[in-house]
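*Asks:* This is the feature table in TrEMBL:
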DOMAIN    26-195  domain 'Cytochrome b561 bacterial/Ni-hydrogenase'
TRANSMEM  32-52  transmembrane segment
TRANSMEM  67-85  transmembrane segment
TRANSMEM  106-126  transmembrane segment
TRANSMEM  157-178  transmembrane segment
Amino acid sequence: MPTSPVLMTAGGEANGMMIRDTSAGYGVPTRVLHWGMAVAILGMYWLGLWMVDLTYYSPYYQLAPDIHRSIGIILLTLLLGRFLWRIVNDKPDDSELSKMERTAARVVHWGFYPLLLSLMISGYLMSTADGRAIEVFDWFSVPAIIENKGMEKPAGAAHALLAHLTILLVIVHALAALKHQFYDRSGVLGRMWSGSSSNR
């Protein structure tokens, strides 16, 4: 008899909502991180494209990059947290996928981590090339490790390229999820949205 997602406490009692990932589906932390980071990454991409065309006299000339950098630092911490959470959790069952589909899914999934990490590091190097720290919403600052103004342009070029590659991978990931959900009827999207497959 199939079981519904539950919250497992330290003692193992059911409490209504699943925290840890299991073979049946994804827990709340994974789903919140997945959708939250997806929205943030898409928003950051749009913000990056928009702010590069701002003129010096625009009221957002300083504000937009400050917001972009601050969110980038926060996303870096969330990415590291997501990576650690993924390591210590079980993986939901994907036996309904073919061997090739499972391999492709793993390549895309694990490809996100080095790609996003490189994207964020290049943004950090570009922003701190002049030796100034990054102020994260006036909450705290992240100091510059390397001061080298000659690094700003190559780091910026790498950052732009990595941003485009990230969005390309997001599109591939989204199309694959939609294909599995609505064509294959595998319930993959349902597991990431509600925690369990709606097609089972």
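Including glycine, each Cβ sits where the backbone N, Cα and C put it.
Note that TrEMBL annotation is computational and uncurated.
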*Asks:* So which residues does the transmembrane segment (67-85) touch in its own chain, when a touch means Cβ under 8 Å and the partner is 6 or more beyond its ends?
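*Replies:* Residues packing against the transmembrane segment (67-85) from afar: 29-30, 33, 36-37, 40-41, 43-44, 47-48, 51, 113, 116-117, 120, 123-124, 127, 134-137, 142.
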*Asks:* Which residues of the chain, 6 or more past the ends of the transmembrane segment (32-52), have a CB below 8 A from one of its CBs?
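*Replies:* For the transmembrane segment (32-52), the sequence-distant neighbours (Cβ-Cβ under 8 Å, at least 6 residues beyond its ends) are 26, 60, 64-65, 67-68, 71-72, 75, 78-79, 81-82, 85, 116, 160, 163, 166-167, 170, 192.
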